[in-house]
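Worksheet for the structure shown next.
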Amino acid sequence: MRAALLVFAVGCLKMAVDAKVTTQMRAFAGPHGGFGSPLFPDMYPNEFQDTAVITLGDAYKTGYNIHLDFLVFQVENMYDTMDIFDGNSTDKSVNIARLSGNMTGRSYQSDGPVITLLFKTDLTGQRDGFYVRWTAVKKGVAYSEPKSCPSVMQENGYGILFSPGFIGNYPDSITCSWTLESGDKQKVLLTFYSYETEDCYDVLSFYDGAAINANKRPKSMCGDVVNPTTEAAFVLSQGSKFNLVFTSDLTQNFAGFSAVYRFVSSSETINGDYNRMDWSPNPEDEMRRHPKALQIPKILETPKIPKTPEIPPL
Ligand SMILES: [Ca+2]
Ligand SMILES: [Ca+2]
């Protein structure tokens, strides 16, 4: 009798939990494309299950695999997960990988023209989520990103910007430029999920609302600014427009960057965070990542000024 009651109680509890989880099925088709987690670039919802099936389409039914690039991946470590499955299945036997935590810059490949992504979130603890890009690749051919200047991947209300060759190192001796222009009374907010360039020979310059050849020196970013395994950092324009220019020199290349941009109200302030050349993660970073939802603290620490070298005594 006692055993029967226990089984009944456990059954009720499980039902109550399941009833709260919102499920979503998505289907994507075509030789290439991209999509974000639910509500992206805002934080994903709690208690959510998102199943996305990518199919290359009739022209790619045989002889092709799907290559996945996570241009953004930030989910609550351990508690929120992404499972990738070969084919149209969520069976353990075809599981390619399980992702959790901060894993921007990972790539995976299917063994056929269909792949399934299962994203699950628990009761609490939200992050920015993911943005994944897929591309058809011929079986037996090693995949590499084109090393030319990429255009922005535009989505409804936001865009993804990344260095040439990402995921993969950028090439030497390249110059790429992008213009991000918001409407009146708006600013451009860029969130960097990874940023690593040669310090300080390969540089991303921000011309804030000004022409690229203006006399004013641009703000610039270089070095190991945002590690993909740590939290994101953001950069806010002062005017309604950012002209961005990325240049690399003759030697030494690194992973580059991936960022999401969107337009926000001109009353947003981040107190010039984007000028910090020596950005390093700290426990308060969580607070700086969502200016719409959270209070924006004052920044933070001033860039380190190198010590004047001591003059040796005569
Ligand atoms: Ca969570
Ligand atoms: Ca270089």
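Any Cβ shown, glycine's included, is placed from N, Cα and C.
Feature list (source: TrEMBL):
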DISULFID  Cys149-Cys176  disulfide bond
DOMAIN    12-137  domain 'CUB'
DOMAIN    149-264  domain 'CUB'
SIGNAL    1-19  signal peptide
Local confidence of the domain 'CUB' (12-137) - pLDDT mean: 93
Cys149 (disulfide bond): secondary structure state under DSSP, collapsed to three categories: coil
